[in-house]
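**Q** Reproduced below are the annotations present in Swiss-Prot:
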type: REGION; residues: 23-109; note: region 'Alpha-1'
type: REGION; residues: 23-201; note: region 'Antigen-binding cleft'
type: BINDING; residues: ARG31, SER46, LYS65, ARG116, TYR174, GLN175; note: 7-hydroxy-6-methyl-8-(1-D-ribityl)lumazine binding site
type: BINDING; residues: ARG31, SER46, LYS65, ARG116, TYR174, GLN175; note: 5-(2-oxoethylideneamino)-6-(D-ribitylamino)uracil binding site
type: BINDING; residues: LYS65; note: 2-amino-4-oxopteridine-6-carbaldehyde binding site
type: REGION; residues: 110-201; note: region 'Alpha-2'
type: DISULFID; residues: CYS120-CYS183; note: disulfide bond
type: REGION; residues: 202-293; note: region 'Alpha-3'
type: DISULFID; residues: CYS222-CYS278; note: disulfide bond
type: REGION; residues: 294-302; note: region 'Connecting peptide'
type: TRANSMEM; residues: 303-323; note: transmembrane segment
Amino acid sequence: MGELMAFLLPLIIVLMVKHSDSRTHSLRYFRLGVSDPIHGVPEFISVGYVDSHPITTYDSVTRQKEPRAPWMAENLAPDHWERYTQLLRGWQQMFKVELKRLQRHYNHSGSHTYQRMIGCELLEDGSTTGFLQYAYDGQDFLIFNKDTLSWLAVDNVAHTIKQAWEANQHELLYQKNWLEEECIAWLKRFLEYGKDILQRTEPPLVRVNRKETFPGVTALFCKAHGFYPPEIYMTWMKNGEEIVQEIDYGDILPSGDGTYQTWASVELDPQSSNLYSCHVEHCGVHMVLQVPQESETIPLVMKAVSGSIVLVIVLAGVGVLVWRRRPREQNGAIYLPTPDR
């Protein structure tokens, strides 16, 4: 199960995290049913996450809901785990029945998957969102609209199920209430339990380097790593103007130590004298790495401007910018030259 979780977590994180400086907290539960599973894969798995942190697991092998975070085990009584274990055993059987029914409808045999994701988000401004959806073989199948109390069906098979589910008004109202009230209440509760982990801030280490991506094509890469929470905004500016259409972005991925990494790149025009700068925002702090022309020789310059950190870096020696929160009205940076490769 540990190896499977290690495989599932990065896939979920890629879907969950976007390039944004606005801090959002989320609670999500993923359930996966597999027909004819390969060796080592349970036929039913349920995992819970607060933000990107796994908090609970259940699978058809152990048949027990268990905590995945110490602060969950410390704060929830044994009867909580037993109660939800019984509920998930029911979900396990339900998924098995529904997956067989879908295979009959589609005339499928062999190994197929049925997935459910339910959860909510608490945004920085206090507003909330909620979501509930199903997928078959990794493709959207049914999506719940809590505002209209209806399901969006993607094909005729899904439409048949949609009609049956929408006939149960009590269940629709229950799902709406769970998404808008119960889920948010649980999320706030879990955020308090794990506040030392979930509400911490670790600033990114940022560096810029120049790389030949193809023969005759050179790109600037702005790379950030070691940061938490995963919400971060990165962009390139050319001559002081943002160039969104010219930028390639990497996914925000876990680094394996509880922090995250990502990058943004832009191709250089070798015939121009454009001035490029990488802008990074994380938890309200803004950094600018100004990149001089390759032919220039400029000493390292760094200064704080209106709460921002500005660093001019010569690319002949790639460097890393480390920034940390300082006492109010004090911002600073430490420049750490990287060893030669």
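The backbone N, Cα and C atoms fix where each Cβ goes, glycine too.
Explain the structural surroundings of these features, please.
**A** Taking the region 'Antigen-binding cleft' (23-201) as a whole, pLDDT averages 96 in the prediction.
TYR174 (7-hydroxy-6-methyl-8-(1-D-ribityl)lumazine binding site) falls within a helical segment according to DSSP.
The Cβ neighbour count for LYS65 (7-hydroxy-6-methyl-8-(1-D-ribityl)lumazine binding site), using a 10 Å radius and every protein chain shown, is 21.
Other Cβ atoms within 10 Å of the Cβ of CYS183 (disulfide bond), summed over all protein chains shown, number 25.
Under the three-state DSSP scheme, CYS278 (disulfide bond) falls in the strand class.
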**Q** Which numbers of helix, strand and coil residues does DSSP report for the region 'Alpha-2' (110-201)?
**A** 40 helix, 30 strand, 22 coil
**Q** Pop the Cα-Cα gap between CYS222 (disulfide bond) and ARG31 (7-hydroxy-6-methyl-8-(1-D-ribityl)lumazine binding site) into the table, whole Å please.
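**A** CYS222 (disulfide bond) has its Cα 36 Å from the Cα of ARG31 (7-hydroxy-6-methyl-8-(1-D-ribityl)lumazine binding site).
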**Q** Which residues in the same chain, at least 6 apart in sequence, have a Cβ under 8 Å from the Cβ of CYS278 (disulfide bond)?
**A** VAL206, VAL208, LEU220, CYS222, MET234, THR235, TRP236, MET237, ALA264, VAL288, LEU289, VAL291
**Q** Report the same-chain neighbours of ARG116 (7-hydroxy-6-methyl-8-(1-D-ribityl)lumazine binding site): residues 6+ apart in sequence with Cβ closer than 8 Å to its Cβ, ordered by sequence.
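**A** Once residues fewer than 6 apart are set aside, ARG116 (7-hydroxy-6-methyl-8-(1-D-ribityl)lumazine binding site) is near TYR29, PHE30, ARG31, PHE95, LEU132, GLN133, TYR134, ALA135.
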**Q** If you draw a 10 Å sphere on the Cβ of ARG31 (7-hydroxy-6-methyl-8-(1-D-ribityl)lumazine binding site), how many other Cβ atoms land inside?
**A** 21
**Q** I'd like to confirm something. Which of the binding-site residues, SER46, TYR174, GLN175, has a Cα closest to the Cα of CYS120 (disulfide bond)?
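**A** It is GLN175, whose Cα lies nearest.
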**Q** Rounded to a whole angstrom, what is the C-alpha distance between SER46 (7-hydroxy-6-methyl-8-(1-D-ribityl)lumazine binding site) and CYS183 (disulfide bond)?
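**A** Approximately 16 Å lies between the Cα of SER46 (7-hydroxy-6-methyl-8-(1-D-ribityl)lumazine binding site) and that of CYS183 (disulfide bond).
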